[in-house]
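Trainee: Following this message is one structure expressed as structure tokens.
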Amino acid sequence: MSENVVSTGAVNAVKEVWEKRIKKLNEDLKREKEFQQKLVRIWEERVCLTKLREKVTKEDGRVILKIEKEEWKTLPSSLLKLNQLQEWQLHRIGLLKIPEFIGRFQNLIVLDLSRNTITEIPRGIGLLTRLQELILSYNRIKTVPMELSYCASLEKLELAVNRDISDLPQELSNLLKLTHLDLSMNLFTTIPPAVLNMPALEWLDMGSNRLEQLPDTIERMQNLHTLWLQRNEITCLPETISSMKNLSTLVLSNNKLQDIPVCMEKMTNLRFVNFRDNPLKLEVTLPPSENIEEEEERELFGLQFMHTYIQESRRAGNQVNCSTTSPNSIDADG
């Protein structure tokens, strides 16, 4: 009996030794595998970094990363070694997201990631206090973070053809240097209050949205000289539009306007307007030009058309003043 006990104890001891050895061997193999994977990652990052370095150019004194029509769904962290970059131009590379570490590129002046498949803007974008141009057109972005308002140097913002953006955070009115804003081909139903309160805005494109009317507070955009509103559903214009003294270009083609209001006569700085493809009530024929060249260059639904329409409207006793937006319209506060 005692011999059996001794024999069993010896077997258990040997078993325990072997189990420890096997466990240690497995741990060693795991560490070895992890080490090899780490080496592979380091090697891949070095290869990526080498490829990225080859894409860096210098133009007009700026250090630019320029990639187009290559497959870069994500950007490696090794890119951080190129933190001297001042401009990114990454087009048609299938990029799925802006890297979270974007905020560490403190020297960035231009970030152009148009024509990719980006779905969101990281909050870290707000750390780019030197950024002057942000181009994110032709992506799949649905919302804009309020942190973008921290980009105090931003002068140009393009979010065209994302198709699903319907509003902007109010905080974007703090972009005191923003002069150029492109929101065309999205889902806006009104001009956001943030836009109406951007003090330096000079150029705005909200074409191909779902605008039905313009807010009375549109007059706040006193520095605006160019306004694109083509391909919307606008039915009337507010009287306050005539107070936009610096407006020189106004495009209203492909809307639902039935009349051109008399108040637009006051807009003496207008140099170009377009009322083409609106269901206007009056049919207006422009007087013939003195020569063929003038006839060819004349805009059929432009400035002369507008003034002629207003005159015809007066003769017909069909004067239409600029409308005030209806009580249920969305006004811009603050």
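Glycine too: its Cβ is placed from the backbone N, Cα and C atoms.
Look at Swiss-Prot and you will find 10-47 tagged as coiled coil, backed by sequence analysis. Taken from Swiss-Prot, the feature repeat 'LRR 1' applies to 84-105. Among the features that Swiss-Prot reports, repeat 'LRR 2' is placed at 107-128. The repeat 'LRR 3' annotation in Swiss-Prot covers 130-151. Summarising the annotation, Swiss-Prot assigns repeat 'LRR 4' to 153-176. Under the heading repeat 'LRR 5', Swiss-Prot lists 177-198. The annotation repeat 'LRR 6' is assigned in Swiss-Prot to 200-221. Positions annotated as repeat 'LRR 7' by Swiss-Prot: 223-244. The annotation repeat 'LRR 8' is assigned in Swiss-Prot to 246-267. The repeat 'LRR 9' annotation in Swiss-Prot covers 269-290.
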Trainee: For the repeat 'LRR 4' (153-176), what are the same-chain contacts with Cβ under 8 Å, counting residues 6+ beyond its ends?
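Mentor: The answer is 114, 129-146, 182-189, 192-200, 205, 334.
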Trainee: Under the DSSP assignment, what numbers of helix, strand and coil residues are found in the repeat 'LRR 1' (84-105)?
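Mentor: Computed counts for the repeat 'LRR 1' (84-105) are 5 helix, 5 strand, 12 coil.
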Trainee: Which residue counts does DSSP give the repeat 'LRR 2' (107-128) for helix, strand and coil?
Mentor: 5 helix, 3 strand, 14 coil
Trainee: Would you report the average pLDDT that the model assigns to the repeat 'LRR 7' (223-244)?
Mentor: 97
